[in-house]
Amino acid sequence: MSMAFRLSKHETSVISAEDTSLEHLDSSVEMHSRSPSPAPLVFNPRKLRFADDDFDKDHPQESPQNIKKRSQSTATAHRDVDMSPPCQKVRALRLFNTPATPKTILQKSTSNCNHLSAVAAAANAAAAARNELSKIPDRPRSLPLHNHRTLQPQDTANVNPFTPDSLMAHNKKRCRTQFGRENLNVNTVQRFLLGEPNDEDATSQVAGNGGFGIEAVREINQQAPKRLALHDTNISRFKREFMQVSVIGVGEFGVVFQCVNRLDGCIYAIKKSKKPVAGSSFEKRALNEVWAHAVLGKHDNVVRYYSAWAEDDHMLIQNEFCDGGSLQARIQDHSLGESELKILLMHVIEGLRYIHSNDLVHMDIKPENIFSTMNPTAHKLGNSWETTYLNAVRDDDGMDSVYEELRSSENLVTYKIGDLGHVTSVNEPFVEEGDCRYLPKEILQEDYNNLFKADIFSLGITLYEVAGGGPLPKNGPEWHKLRHGEVPVIPTLSKDFNELIAQMMHPEPNERPSSMSIYSHPILSAVDSKSKLQLGLELTVEKRKNEILMNKLREAKKQIKLLEQRVSVLATANTPDPLDGQRCLRSFTRRMRTPFGSHGKFPNLADRNKNVITNV
Ligand SMILES: Nc1ncnc2c1ncn2[C@@H]1O[C@H](COP(=O)(O)OP(=O)(O)OP(=O)(O)O)[C@@H](O)[C@H]1O
Ligand SMILES: [Mg+2]
């Protein structure tokens, strides 16, 4: 159970030897901390404790039920002033033996298995099935039903509930009843993809109604009643494939390592669940994160996903390594100015727009879950041609220094949304509340009608915090004020930016701007979003690139000239000189005419030549 507890801010913790959650860490591992704290193995604060100190101080006698009830009331701000956000407490309750206990979590977790989409299932399982498919000579034959009992775990594949599939999104109900499963076996997928002869109308049903044929459905119902257990997929990869460099972060759920892949030599961030999750109630949470990453990890402003696997019953996720650390670490020593905030907003809103366009929501946007890269190739200096160009020239000698210059600059940064453990679908939400400091009130009231706007609120309050409005309250009057439209003005920001933040934190979700409208907000026009310093730096870099290219051009021209000269010399040398021919001829004829030859008459070559020349 301790795993569900979050580290409080005060608990900037030191990993101790007895911390079982870190039993798999090498003792030699150094903590790579971007916080100013010099202590080794000091972690950035993560989410809150459920039994939060402040909370307990504020409400020592409060019964959890009252807290929840009060949170759900729509009482006025003043009445709410004494009330604290219940989410952490409610979550705590769920973990103990009360009506809303682990059972609830587990039930929810099991019911969430119905997130299925049959076509999405087919599409996902298709990848796993591809190898098998290639072995099939002709149209596949269906397995006799009794054969299903002998199916091996490796013949099945999970269904990713986040796969964007509009077909099934429109047939949710049907989908739930028909495909209330989390995995499909390869034969069913084959049959769906290749079309079973006696499933002819099934194929048309798939297109028209989003369903399989009756027989296929029956087959699915005969199959494994639960999802592919992590335990069954355990594989040993971590030590074999990766070289562990350091620990880069610790959250409620996982420890994140910086690793180098032994084969490709690139750096990755590998997140490993702190405790074994296979078979536990956290298995679903772990899989959720993998599913979300697999669907969303392709956008420049979402942490890229490479692979995931289960090892020793732990979940491991191999992600892009973000060398700039978390936003939380970046703001340890200073708040962000408006120009930096605009860049942050521009990047995060692009990521959110992408997530939202997949009908998914993040549900845990906060500085600890926004990472950054300082790699200029990842940064959008311009269009993608520029990235391609930079990639193309990066191996060239001169670019290394330019690269270094970019890398050392704190001003070139790409922000990426990470930690997708709370992602859920808006069509069939399974909401696991994130950090209550960043949650809007409606989520605590279990109003999930406009989840997109919950992300917008969290981003708004994140901007407010990193601009200098933090630290954010976890409960109490200040917590409520921020959710009742009483957002203090940040003096260092323009009126427009303050207004935008306040609008994003509007108490009424529908009044908050959408990710799309923020994206096209005039405040984020391309020029405005870059600081003078950044523009200056980019200009310098462009000039340097230009210089290098000009030098190369000059060098290339020189080489071409030299080559041309050599070619003309060679050409001249190869052309037979008529005079030379005459000379040879004459010497030859002379030699022929001289019965003694040259040897006896002329002791050395010079004399002989002299003779020839004389003859000429
Ligand atoms: N890809 C990455 N690149 C660089 N640092 C990372 C990466 N992933 C995670 N981190 C670091 O590790 C910390 C914990 O990661 P993450 O938020 O994914 O863990 P978590 O256990 O899911 O957290 P939470 O408590 O929010 O559930 C982050 O705040 C960040 O500092
Ligand atoms: Mg996190």
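The count begins at 1 with the first shown residue.
Note that Cβ sites are derived from N, Cα and C of the backbone, with glycine treated the same way.
Any TrEMBL annotation is an automated prediction that lacks curation.
Looking at 224-258, 259-293, 539-573, the range annotated in TrEMBL as coiled coil turns out to be 539-573. Listed binding-site residues: ILE248, GLY254, VAL256, LYS272, ASN369, ASP419. Those with a CB atom under 6 Å from ligand 2: ASN369, ASP419.
In the three-state DSSP reading, VAL250 (ATP binding site) counts as strand. Neighbours of the ATP site: apart from ILE248, GLY249, VAL250, GLY251, GLU252, PHE253, GLY254, VAL255, VAL256, LYS271, LYS272, residues of the same chain with C-beta atoms within 8 angstroms of the site's C-beta centroid are LYS274. The 10 Å shell around the Cβ of VAL250 (ATP binding site) contains 25 further Cβ atoms across the protein chains shown. In the structure shown, the C-beta of ILE248 has more C-beta neighbours within 10 angstroms than that of any other entry among the binding-site residues ILE248, VAL256. The highest number of surrounding Cβ atoms within 10 Å, among the binding-site residues GLU252, ASP419, is found at ASP419.
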